[in-house]
Amino acid sequence: MALRSAPPRAAKPKPKTSGLTSELFRNPKVPFALALIFVDAILVALIIAYVPYTKIDWDAYMSQVSGFVGGERDYSNLKGDTGPLVYPAGFLYVYSAIQYVTGGEVYPAQILFGLLYIINLGIVLFIYMKTDALPWWALSLLCLSKRVHSIFVLRLFNDCFATMLLHAAMASLLYQRWHLGLIIFSGAVSIKMNVLLYAPSLFLLMLKGMDIIGVISALAGAALVQIVLGLPFLISHPIAYISRAFNLGRVFIHFWSVNFKFIPEPLFVSKELAVSLLIAHLVLLAAFTHYRWCKHEGGLLNFLHSRFLSLKKSDNSGSSFKILNKEHIVTTMFVGNFIGIVCARSLHYQFYSWYFYSLPYLLWRTPFPTLLRIFLFIGVEICWNIYPSNAYSSALLLCLHLVILWGLWSAPSEYPYVDHKAHKEKRKEK
């Protein structure tokens, strides 16, 4: 009797997680990025252990939080030794949690901020690897700032949490998770309002990547976050909360400014300078939007007209839906924020964290040679490490910013959308 051969077994599908892992490690930048995280974690631990802590705002934060925990809901009564509370409600929740975990002690808080630094670095490296904008060795620039290490683990500023959440929101946007990204973005704004510098760019990307219903619902979700977080204060003392937590007219002290120090103090604090910088900010945003970010749509007006026509036709079938290129998302967000930095009247030392992590990306989007990019990076870092700042360092910083901005303006404009066929084939492979 002839032996019957067994039917061939079907090949077992590879687990999705192993496929993702292999895809990550096929990228030679991944092992280098992991090594950077490991080495920087050791450096952060050494800084915490051996570099003296500098007391600036921590005691004020703890005083403001203690008032909140004690039941105070009037923002005009929440004060510290540096003055009244000027941050939205998310700040109070975050630092109340930190006070609970650390007991208000600096050393355990430094360890917590060290972990925050590493988490933020991991998110930023993830964004850089998804965009593939830099050569592998240039990723090390993200770990080489003396000032940023100091901001995180020797100063414990709330800018650190806002920056981390902003980068987490950007990581969500890379996967077209607009609603999640807006919720995280709103959470970052609730800690410090500087995140709003990204808002014009984000709104433009939303108009490109979603239909009008999606835009409205995402904005509603972001607004709901602000309402829920601020509800205890909005119910009891709404005017005090809104006027103090969302005060856009604050005038910073001339001595602490890192930029525009070469301007005499009477002009520095004047409304004329504030209005001039605001106009410059809006003009630059409009120019980049029209000539750079909407170039492939025929300019800003043509883009808005096309969006209006799609709304008028009530075309919600998704046929006109386009997936945004990851590079376009990151470039638009980082450049929009950088324009705000260039036009900011006052930049304090902790504000460097607002845009440091975008610097390598921005430099590699310019047409400059690599050596000039490195010189610009080092020059900006040097300016931020001169204390106190002076007329020469602030003038040099402005010049460096303007050179980078010119490079971004003169760089080729990337195509903003992903090819549909290529995207579908890539999803099938996964």
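Each Cβ is built from the backbone N, Cα and C atoms, and glycine gets one as well.
Automatic, uncurated: that is what TrEMBL annotation is.
Bear in mind that the values here come from a model prediction, so they are computed numbers and not experimental data.
Cross-referencing 132-154, 178-200 with TrEMBL places the feature transmembrane segment at 178-200.
Between the stretches 85-102, 157-174, TrEMBL puts its transmembrane segment entry on 85-102. Of the candidate ranges 32-53, 85-102, 212-235, 275-294, 329-348, 32-53 contributes the most Cβ pairs within a distance under 8 Å of the transmembrane segment (109-128). Contact between the transmembrane segment (85-102) and the transmembrane segment (32-53) is not supported, since fewer than 3 Cβ pairs fall under 8 Å when only residues 6 or more apart in sequence are counted. Using a Cβ-Cβ cut-off under 8 Å and counting only residues 6 or more beyond its ends in the same chain, the transmembrane segment (32-53) has close neighbours at 106-107, 110-111, 114, 117-118, 121-122, 125, 128-129, 136-137, 139-140, 142-143, 149, 152-154.
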